[in-house]
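Per TrEMBL, domain 'Globin' is recorded for 1-138. Residues or ranges marked as domain 'FAD-binding FR-type' by TrEMBL: 152-258.
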Amino acid sequence: MLSEKTVSLIQSTVPVLARHGETITTVFYQNLFRDHPELLNLFNQSNQKEGRQQKALAQTLIAAAANIRQLDALLPAVRQIAHKHRSLGVQKEHYPIVGEYLLKAMREVLGSGANEEVLAAWQEAYGVIADVFIQEEAALYEQAEGGVGGWKGFIPLRIANKVKESSEITSFYLTPALPNENLPAFQPGQYITIKVKPAGEAIWHHRQYSLSNAPGSSQLRISVKREEHGVVSAHLHRDLNIGDCIEASAPAGEFVLDEKSDAPVTFISGGVGVTPLVGMLNSLAGSQRQIHWIHSARSEEVHAFREETDSLIDQLPNGSIDVFYGNTQGRITDSMLKQILKTDKGDYYLCGPVPFMAAMIRALEILGIPEDRIHHEFFGPAVPVEAGEAV
């Protein structure tokens, strides 16, 4: 339990963190990787280069300081991050290292603005928050290793098939490469973390990819969009073929379909955000639930899974689908969404670019949909969904 003095000191740093947070986290990562290059293997270097990870960590620090009196408010974010940490193989011994370099970065950036009293308060608070992460991740490790078909760490998976889904997205069907290994159970919407070391790269690169087929299948399917400057996506598309192997950790993630409910389901996807949702839709085959799919893509050429989703929806007694192409119909607007929604009941599952999700969440809130019935997934570091245009 933190003392009142510590709580007050931490809260007093919110304005300073709002101004200097990203500078602090930038210095933090620079110093951390300089002295501990082995940790480069755990971080997405594309996110580092683009500043996304620094921004996400800065916002996490601000949220922690602002909610230090009621840390329970941070638990949803903690669980989301803990799932990713478990999938990457983050260990409890990493936390003291991170804490040390975070405090050093605060001292370096803030100077006299972070006196010893403030730094001591942050050290105490960091210890409490780190313990929450460690406990949460320990439970997730136990769950991953002890579940049906679960495994520890990373194991090799063999590419059994490689299928082009659109001009940008290719699916990889994966099976265990080692004898006596089984595929793990997973929940619709979860992802796996893969690690690869492309030719010429000095470090391992990790990426999270949603499982786009239903649980219980004989193979795991990930569907990967080739990014223009993507180290991993380009390697998968260009260099890996049937018979090749990649390493993966057990499925993770909290963005999952409530399979026990019989309430209506509305899926809203943008671009490659289709991938976790098509996995959910596959798991609903034969369901009597009211299911409505709304998908937005830049064009028909880049629309992945069109035939598969059309077929799945056609087989549902209460299924419907609406598709919008930006190059002919423009972006989905608030008024368009209001016109096509089949119900204001049930749950809404969203995935796509952050601006797209921001626009759709705003539209749903305007229509009176409660926040606890709107579920969304991030691709990349978790950042607050801020109002923006759909893409």
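Note: Cβ is positioned from N, Cα and C throughout, glycine not excepted.
Unlike curated records, TrEMBL annotations are generated automatically.
Mapped onto DSSP helix, strand and coil, the domain 'FAD-binding FR-type' (152-258) counts 9 helix, 42 strand, 56 coil. Residues belonging to the domain 'Globin' (1-138) score a mean pLDDT of 93 in the model. Helix first, then strand, then coil: DSSP counts for the domain 'Globin' (1-138) stand at 119 helix, 0 strand, 19 coil.
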